[in-house]
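Colleague: Per Swiss-Prot, the features are:
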type	residues	note
BINDING	D24, S53	Mg(2+) binding site
BINDING	Y172, L173, E174, A175, G176, S177, G178, G203, G204, G225, T226	sn-glycerol 1-phosphate binding site
Amino acid sequence: MGAVEARLRSELKKRKTLLFALIDSEVSDTKSAQDLARGAEKAGASAILVGGSSTGDQAETSRIVGDIKEATTIPVILFPGNVTGVAPGADAILFSSLMNSENPYFITQAQALGAPSVLKFGLEALPTAYLVIGEGTSVWFVGAARGIPLGKPRIAAAYSLAARFLGMRFVYLEAGSGAESPVKPEMIRAVREAFDGFLIVGGGIRDEEAARRASEAGADAIVIGTMLEGGGSLDKLSRIAGAIGGT
């Protein structure tokens, strides 16, 4: 276990659920990225995720990572949508397999192409099963995902159990950036029962109540992204952090 994973697990002993802020490297300039990251850390975020589901530029990602690291002290974790999102300078990477993709490229081939760069750049790899829930979002389209229906928690649990048996230490349930509704608590609970690792939930979480429901259902971390980039209030982010942070 690397330093970033150890830090996150240590924080989980103090907080019920962690908050991760997602910054899309394609839509953020230096000032906005730094302002968002600085504000997210002040609001109570435990880590900054940098990435996106569309195609990106490695040099641009590296620049944004450097800008964010200058402005914050919390870990910066890459969340790449493709091999071009593997860039130097970050503290770690969600080394993910999109397990319910219909395209083998996103299950194992992109990982094989990106792995040498992860090693070269000295990135801490966080082995992650990435599961797309529902349909109609960018990640569903770009990743050729066979989206798990929102009302089918047992399917998500089966994938998560497979991830556990494959040795993955993280599962990320992704409703998608800007999703109309978040992952349902029933699905989070089912996955929590099947998977004893670090459970991340993202997509469609826009307020304290949605965050609280995900936390109470068993999420170890929730991801907030679109709300911030759309001009969402950092005060609201702070309230979300407060709603999920109780031990």
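Just so you know, glycine gets a Cβ as well, placed from its N, Cα and C.
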Colleague: Who sits close to G204 (sn-glycerol 1-phosphate binding site): which same-chain residues at least 6 apart have their Cβ under 8 Å from its Cβ?
Modeller: A175, G176, G178, A179, E180, S181, P182, V183, A210
Colleague: Where among the binding-site residues D24, E174 do you find the Cβ with the fewest other Cβ atoms within 10 Å?
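Modeller: Output over binding-site residues D24, E174: least Cβ neighbours within 10 Å is D24.
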Colleague: For Y172 (sn-glycerol 1-phosphate binding site), write down the residues of its own chain that are at least 6 apart in sequence and whose Cβ falls under 8 Å from its Cβ; none is a fine answer.
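Modeller: Set apart from Y172 (sn-glycerol 1-phosphate binding site) by at least 6 residues yet with Cβ under 8 Å, we have L94, S96, T128, A129, Y130, L131, I200, V201, G202.
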Colleague: Using a 10 angstroms cut-off on Cβ to Cβ distances, just flag whichever of G176, G178 is the loneliest among these binding-site residues.
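Modeller: Result for the binding-site residues G176, G178: minimum number of other Cβ atoms within 10 Å at G178.
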Colleague: Using the alpha carbons only, what distance in Å do you get between D24 (Mg(2+) binding site) and E174 (sn-glycerol 1-phosphate binding site) once rounded?
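Modeller: Checking the Cα atoms of D24 (Mg(2+) binding site) and E174 (sn-glycerol 1-phosphate binding site) gives a distance of 15 Å.
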Colleague: If you run the three-state DSSP split on G204 (sn-glycerol 1-phosphate binding site), which class comes out?
Modeller: coil
